[in-house]
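Pulled from Swiss-Prot:
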ACT_SITE  Arg210  active site
ACT_SITE  Lys234  active site
ACT_SITE  His306  active site
ACT_SITE  Arg309  active site
ACT_SITE  His332  active site
ACT_SITE  Tyr341  active site, O-(3'-phospho-DNA)-tyrosine intermediate
DOMAIN    16-121  domain 'Core-binding (CB)'
DOMAIN    169-354  domain 'Tyr recombinase'
Amino acid sequence: MKREILLERIDKLKQLMPWYVLEYYQSKLAVPYSFTTLYEYLKEYDRFFSWVLESGISNADKISDIPLSVLENMSKKDMESFILYLRERPLLNANTTKQGVSQTTINRTLSALSSLYKYLTEEVENDQGEPYFYRNVMKKVSTKKKKETLAARAENIKQKLFLGDETEGFLTYIDQEHPQQLSNRALSSFNKNKERDLAIIALLLASGVRLSEAVNLDLRDLNLKMMVIDVTRKGGKRDSVNVAAFAKPYLENYLAIRNQRYKTEKTDTALFLTLYRGVPNRIDASSVEKMVAKYSEDFKVRVTPHKLRHTLATRLYDATKSQVLVSHQLGHASTQVTDLYTHIVNDEQKNALDSL
C-alpha cells in the first residue's frame, strides 16, 4: 500500500477512536511502530469497539464516546464472548466455506488488544504518575497456537525455499524465461520494471532482510562497492547488513536505469521506486509481495518475501553451520530463532539413518 494511501486510511480510523486509543497511537509512533503495524492495530480496535457497541456492553452512541471504564471493567467472560463472535461470524472470512475467522486472525486481534491493555495498565502515566487503571483482562485470556515441532515446520517451509542452484535459477528465470511466456502487452509492462524487480528479489535473496527493511531503504543506504546496506531493524535500531556478491550485477543494472526510467529528482531518496501518474514514489510492501508471488508461482511455488529471507538464512547456515552468524545476518538478538534452519539442513541426520 502506498504511504499516502496508508496515512489517509489511518487518519480515517483515528477519527473514529476514543481519546485513549489516540494517546496509545502517539505513544507507539514514538517507539517507533511502523505505520503499517499501527494501521493493522487500528483496524482491530475498530472491529473490537464495534462489537462492544453491538453487544450492548457500552451504551455510547459511537466508538469515540466509549469511556475508558468499559475497558477497565471488561470481564474475562466478555472477552471470551468477543472471541466466539469472531469464530462464528462468516463475513469476516473470505473463505465462505468456513464459519469464522482463522485462529491466526484471532491471535492477531488479541495481540493488538493486549498491546492496548498493556499501555493503559502499565505504560501510560496520569497526573499522579500512575497508569489509567490496573486490571488487565487480557492476561486472563488464553490464545491457542498451532502445535508443530521444529522438524515439521522445517519440512513444510523447505518446500517453499529456493535452495542450492534454485536461488540463481529463480533470478535467471525472471530475467530470461519469464518474458518468453508473455503477450506483447504484458511484456511491455514487464520490461518497464524488469531491472527493479530483479534488483529487489536479488537483494532479498542475498541479504535476508525483512520486506519492510528493503522497501524503506534509501539510495544512500546502499554501498555497492562494499556490498553492504544500512537498514532500520525492528525497534528502530540501525544495522549494517552484508549482501552476497551474486546480487551486485542486478543492483548495478537497476541503478543504471533508475534516474531516467523513474524520472527522479534530487528529492527522490528511496532506493526502489515506482511510477504513479508519472511521479516517482517509494515502492510499497504490497507491490513487492504481489511481484514475488507472481514470479515465484510461475517458477516453482507461490511464496512470500519472508520465504526469501528463510532461503538466505538456510543457505548461510548450510555453508557455515553457525547459528551465531545467521542470527547476526538476520538481525536477531539470540540464536533461538535460528534453530529452525538447523532442522531444514538435516542431511547429517538423514545420512546417519541411511547408514543403519
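Cβ coordinates come from backbone N, Cα and C, glycine included.
Remember, predicted model here, so these are calculated numbers, not experimental data.
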Listed active-site residues are Arg210, Lys234, His332, Tyr341; which of them have CA atoms within 10 A of the CA of Arg309 (active site)?
Arg210
Just how many other Cβ atoms lie inside 10 Å of the Cβ on Lys234 (active site)?
15
Please identify, among the active-site residues Lys234, His306, His332, Tyr341, the one with the smallest Cα-Cα distance to Arg210 (active site).
His306
Cβ neighbour count within 10 Å of Arg210 (active site):
20
Helix, strand and coil totals (DSSP H, G, I; E, B; other) for the domain 'Core-binding (CB)' (16-121):
74 helix, 0 strand, 32 coil
10 Å Cβ neighbour count around His332 (active site)?
17
From active-site residues Lys234, His306, Tyr341, the one whose Cα lies nearest His332 (active site):
Lys234
I'm trying to understand the geometry here, so how far is the Cα atom of His306 (active site) from the Cα atom of Tyr341 (active site, O-(3'-phospho-DNA)-tyrosine intermediate), in Å to the nearest whole number?
14
Rounded to a whole number, how many Å is the Cα of Lys234 (active site) away from the Cα of Tyr341 (active site, O-(3'-phospho-DNA)-tyrosine intermediate)?
21
Using the structure shown, find which entry in His306, Arg309 (the active-site residues) has the sparsest Cβ neighbourhood within 10 Å.
His306
Which ones in the same chain are close to Tyr341 (active site, O-(3'-phospho-DNA)-tyrosine intermediate), with CB under 8 Å and 6+ residues apart in sequence?
Ala154, His310, Ala313, Thr314, Tyr317, Gln323, Val326
When DSSP states are folded down to helix, strand and coil, where does Arg210 (active site) land?
coil
In which DSSP state, out of helix, strand and coil, do we find His332 (active site)?
coil
